[in-house]
Each structure stands twice: as structure tokens, then as C-alpha cells.
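Asks: TrEMBL feature annotations, pasted as is:
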- 243-331: domain 'Wax synthase' (DOMAIN)
- 15-34: transmembrane segment (TRANSMEM)
- 43-60: transmembrane segment (TRANSMEM)
- 72-92: transmembrane segment (TRANSMEM)
- 113-134: transmembrane segment (TRANSMEM)
- 154-176: transmembrane segment (TRANSMEM)
- 296-317: transmembrane segment (TRANSMEM)
- 323-348: transmembrane segment (TRANSMEM)
């Protein structure tokens, strides 16, 4: 495997990392010391927007392997949706995150900041009343009985990360890079939209690449999730209980809705659903849409935000071909889910009873 040496994944100065830390501190400060509708909260939001704008201007300065640059871009944008959601729309305050009996509002500033920091990278709302209910429970080996960090859990996560790094290296820096270099004609712009005109070689290569790519991306998300867990637990910001598995059980992915809401990671679900609900709420002041169109608009906003984030990550990951297919993939899901619901209801009426599994309800799906 011919792997070229790459520089570190960082810009030429420490400004980018300073902005990342500054955003985290600003959000933690806003949660710990300001009220939802206070003037201080509004000032923190303005500061956060300025810092995010400066960060996005520095994204082109990222260097290193394309797959890592894409991953970094992905999490930067996910962080932006999450921070804006919890600080400006949901308006989380300190009492929303902790047990009222702890009375952290009277604690020292450092303790209040640490308590607020628990939600900074809790994209699924763990530890809050907004927690995504479909998240898999924490494995028994990770459940704490006395608040002590379990060494076995740490060793297990580190060992998993080590073999995942090896597999990801073989997938992205080995197989995929080699395929793109040896057979560039299979990945020319527009070849993913040839449909029936595709050659057998193109179909075979793209099918294999799609399967291998999805496995690799899922593994990359899981690895990043485990790294964040180790960092946050090591800093005593959270415990292993706050870091359930990134993915659900594959047996639940028997429909498009179930795939997104039960199996695939739920990192986008809380921020995108919050932003979608906020936009639709304000739209209702001007126009009242039928329930079906309102649901379709909500799903389109959710999958649109997710699609935009994935598209930006693909740009910085230097994914070949016409990247509009990424948007198409996510937006198609927003059309398929309502159609799928209609089919389920028609099936239920046809046989006179519901199928063995529960009929999906509205509002349970979101982009991943």
C-alpha cells in the first residue's frame, strides 16, 4: 500500500484551535451564567456567531489526509448546528442539565462551567430532558455503580479504536485510493447518474465502493464518538453513562424511517429537528400548511441540513465526481418517508390490523 506522508490536520497557525476552544467556552458560559432571554445570553450568541464565521473562513487552511479533513469539517458544522440550537433556540440553562438537588446554581464558577460542558458535545441530548429516546442503552460493562471510571471500559474503547484505525487506513488510504488511481474512468464526473447506461464494470466498482465507503464512514463516526468519550470522561466532564453506543441495532433498519431513527447515529437528530421546528413555527405566522405538507417541509429541512453538512465534508475530503448526488440522496429520504408511512397505513387497513411491529409515527425520523 502506497501511502504518502501527510502533515498534521491543522492550519498553519493556532488560530483555528483557539476559535474551537473559544466557542466551547462561550457556550458553556452562556449555559452556566445567563438566562434564556437575557441580554447577556444575546451577547454570547452574537459572539458565538462571530467566532463560527471566523472558523469557517479558516476551513480551507486545513491540511492532512483528505478523509481526515472531511471528518474535521463534518464535526465543525455539526458543532455549529448544535451550539446554535442549544444556546439560541432551545435556550438551555444550567437547571435543565443537572439534578436540582445538587444546587449547582450556587456552586463555584468552575463547577458550573463543568456542569454546562456536559452538553457541549452531547449531540443526542444525553443527560437532558431532550434526550433522544431511541438511543441504545449503555452496555452493562459501562454502567457505573459508584461514579468511578471503569478501567475495563477504557481499555475496551482504546483497543477498539486501535483496530478501527488499522481498518480505516486499509479502506481509505489503501483500497479506495488505489481504486481511484488505477481506474479513474470509473469515477469520472456524472458516472453515478448513468443509470442503465452504466457498464458492468462501473456498476460493480460503484456498488463495492458504496458498501465499503458506508462501512468505513460508520466506523469513522464510531471512532470519533469513542475519542470524544475518552476525552470528556478523562477530563471529568461526564461519565461513561453519558456515552451510549453511536449506532443502534441493525435489525431495526427494515424501513427508511427506522434506518435513520433507530439504527444510524443520531448526532444530527436533536439540532436539525430543533432548527426545523423553529423554522416551521415562525412560518406558521404567515401561512398555514396542510399537515402532510408541514411534515414534508420538516423532513426536507432536517435532511437538507444533514445533506449540506455531508456535502461540505465531501468537498474537503476531495470526493471525486458530481457531489450533487449527496444532496439528492438525503432529500430523497425526506420524500420516501411520507410515502412509506402511506404504504404502512394502507397495509394496516388492507389486513384489518397493524403489522407485528409498531406502525411508525410522525416526527420519529431525522437525517444522519
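Heads up, the Cβ atoms here are built off N, Cα and C, so glycines get one too.
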Asks: Counting Cβ pairs under 8 Å that are 6 or more apart in sequence, does the total for the transmembrane segment (15-34) and the transmembrane segment (113-134) reach three or more?
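Replies: As far as Cβ distances go (cut-off 8 Å, pairs 6 or more apart), the transmembrane segment (15-34) and the transmembrane segment (113-134) touch.
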Asks: Under 8 angstroms for C-beta pairs, at least 3 of them, ignoring pairs fewer than 6 apart in sequence. Is the transmembrane segment (72-92) in contact with the transmembrane segment (296-317) by that rule?
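Replies: In this chain the transmembrane segment (72-92) contacts the transmembrane segment (296-317) - 3 or more Cβ pairs sit under 8 Å.
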Asks: What is the pLDDT of the domain 'Wax synthase' (243-331) when averaged and given as a whole number?
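Replies: Averaged over the domain 'Wax synthase' (243-331), per-residue pLDDT gives 86.
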